[in-house]
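The region 'Disordered' annotation in TrEMBL covers 1-74. What TrEMBL lists as compositional bias 'Polar residues' is 1-17. Residues or ranges marked as compositional bias 'Basic and acidic residues' by TrEMBL: 23-43. Residues or ranges marked as compositional bias 'Low complexity' by TrEMBL: 44-74. According to TrEMBL, the feature domain 'Amino acid transporter transmembrane' maps to 134-547. Taken from TrEMBL, the feature transmembrane segment covers 137-159, 165-189, 217-242, 262-278, 285-306, 326-343, 374-394, 419-440, 461-482, 488-509, 521-547.
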Amino acid sequence: MSASDEFTVEDISTTIDAPSDDQIFRVDEDQGEHHDHHVDGHDSAVAAQAPPMQSSSSEGQGQGEGSAFSSPSMSKKPLLLSIVPSNVAARRATPWMSRTPNFLTPLGSPIRRAIRLTKLDPQDAWLPITESRNGNAYYAAFHTLCSGIGMQALVLPVSFTVLGWTWGTICLTVAFIWQLYTLWLLVMLHESTETGMRYSRYLQLFRATFGDKMAKIFAIFPIYYLSGGTCVALIIVGGSSMKLFFEIVCGHECTAKPLTTVEWYLVFTSAAVLLSQLPNLNSIAGVSLIGAITAIGYCTIMWLVAVTEGRLDGVSYDPKRENSNTAMIFSVLNSLGIIAFAFKGHNLILEIQATMPSSEKKPSHVPMWRGVKVAYLMVAMCLFPLAIGGYWAYGHMIPPNGGMLTAIYQYHGRDTSQWVLSLTSLFVVINAVSSFQIFGMPMFDDMESKYIKRMNKPCPWWLRSISRAMFGYGCFFVAVAIPFLGSFAGLIGGISIPITFVYPSLLWLKIKKPKKYSIMWCLNWGLGLLGTALCIILIAAGVYVVIDTGIQVSFFKPQ
């Protein structure tokens with residue numbers, strides 16, 4: 001322990017050598033505590049006999065349980081304190097109990113005196129999300145930006161064809177502010193002063209708040225879909241962009257035999273699996289940075305090309321009208337679903353924040369929110385020009401499938417530099433490979449947690465490599481076997497929307513319990529109910545679209 005960590009009892013705390021390497025504690029005594037709360041030997045003995053609070057597992061099972069704030073590798077400074085009685089004899093008789101976290105509770109607070117024995121959970125040090133706790137605001141910005149901008153943003157101009165200029169811009173702005181607010185809620189809910197727990201995973205927070213049964217019904221599928229389903233979509237987009245990049249670079253007179261679509265999917269998957277061998281979430285910070293840069297790059301190139309090339313002939317901005325009122329309503333709802341689904345990545349926020357150290361003076365939500373603000377400033381600078389500029393250039397002629405990506409090659413494939421087109425395709429490929437890592441990390445964490453829970457030891461490197469390869473090639477099989485999965489995007493998107501727009505508000509109401517009829521109470525109840533209604537309506541609209549338009553079933557025949 002360094003000299004800077006040593007204090008005297010008269011000042012703030014007394015440093016005591018821990019009994020083991022995995023449990024390092026610091027003895028703390030508030031200066032003013034002896035004035036009002038004198039502890040004698042009898043009280044100390046009673047406290048010593050109090051049963052210890054059990055720590056929760058890495059999956060956060062149980063409600064109201066004590067938990068690990070960190071693994072031994074979380075931080076360079078001790079995170080657990082102990083209250084020492086003022087009586088010397090009682091202090092000697094008190095065993096290693098009365099431990100309470102120092103990263104949130106103030107010195108001498110009732111919470112600190114009430115919580116007993118919060119143990120370190122060694123399993124957190126063995127899982128890829130919490131294996132390294134050396135993250136910072138820069139890493140948070142990289143991860144958030146990489147997960148916040150995706151291919152779903154390229155179809156935003158399609159929603160404007162139904163909503164029009166005014167309502168399209170209003171809905172996009174409201175959705176952006178709404179999801180930014182729920183993002184703030186999740187960041188602030190990561191650390192709990194009541195239970196003394198860091199919720200390092202979205203599912204863990206949901207399970208601890210609403211129980212295991214509710215989590216299985218309402219949370220597991222949308223959370224895992226946003227991870228596994230996004231990885232499947234990235235294989236389809238990345239493999240197709242690889243094929244397009246090869247065709248542009250090779251040219252029309254190329255004599256090389258091109259690969260089939262399935263083979264390009266396999267090439268992309270192999271690259272993603274190779275990169276997935278990086279051990280933990282902090283280790284892919286550089287990968288997320290590259291993914292964020294390329295996402296900004298292809299979004300900027302697309303709207304710049306669309307604006308500089310000018311509007312197409314015959315462009316119309318009048319909102320599309322359907323033959324019946326029912327079809328018109330569902331068309332509007334589908335447009336709202338496109339805007340809502342453009343903002344995903346909330347299922348990764350708690351995981352990203354879990355990579356940061358946390359202390360009493362520097363809680364993790366401070367650097368996390370700083371990184372999120374920078375990231376979403378960049379997200380706004382990409383999404384709004386992309387939606388408004390794309391709709392201005394193409395109007396109703398924007399392709400509904402593929403959006404801006406298809407429009408660039410369809411309308412400007414000949415009059416735009418081939419170098420610009422190839423660079424755009426390359427950026428899409430690199431971003432897809434990078435995004436695969438961060439969206440796949442919760443799945444890697446879940447797979448390894450099952451082994452750790454059963455064997456009570458770290459997952460060996462060879463088993464970790466095999467499991468990640470199996471996940472990657474499993475996603476490849478789904479992408480090849482069910483290429484029409486995108487036809488259900490509206491339906492499945494409606495199911496996953498609560499992760500962003502509904503659950504954070506309900507979690508805040510359940511955990512923080514704001515005063516009835518206060519601003520926070522009214523705001524979160526309003527957003528929670530509105531989001532729930534929107535989710536139900538969008539699911540109904542998705543079912544209607546699937547039934548009305550039909551689906552071209554073509555197993556193992558990707559285009």
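Just so you know, glycine gets a Cβ as well, placed from its N, Cα and C.
Caution: TrEMBL annotation is automatic and unverified by curators.
With respect to Cβ pairs under 8 Å, the transmembrane segment (137-159) is most closely packed against 374-394, considering the stretches 165-189, 217-242, 285-306, 374-394, 521-547.
Residues 135, 138-139, 141-143, 145-147, 149-150, 153-154, 275, 278, 375, 378, 381-383, 385-386, 389-390, 392-394, 404-405, 407-408, 412, 416, 420, 423-424, 427-428, 430-431, 433-435, 437-438 of the same chain, all 6+ positions outside the transmembrane segment (285-306), place their C-beta atoms under 8 angstroms from a C-beta of that stretch. Using a Cβ-Cβ cut-off under 8 Å and counting only residues 6 or more beyond its ends in the same chain, the transmembrane segment (461-482) has close neighbours at 228, 231-232, 235-236, 239, 262, 265-266, 269, 272-273, 276-277, 279, 436, 440, 443-444, 447-448, 451, 555-556, 558. Sequence-distant neighbours of the transmembrane segment (419-440) (same chain, 6+ residues past either end, Cβ-Cβ under 8 Å): 143, 146-147, 150-151, 226-227, 230-231, 234-235, 237-238, 241-242, 244-245, 248-249, 268, 271-272, 275-276, 278, 281, 284, 287-288, 290-292, 294-295, 297-298, 301-302, 305, 348, 405, 408-409, 413, 468, 471-472. Remote same-chain partners of the transmembrane segment (165-189), defined as residues 6 or more beyond its termini with a Cβ less than 8 Å from a stretch Cβ, comprise 156, 159, 199, 202, 205, 317, 335-336, 339-340, 342-343, 346, 349-350, 353, 365, 368-369, 372, 376, 380, 383-384, 387-388, 391, 500-501, 504-505, 507-508, 511-512, 524, 527.
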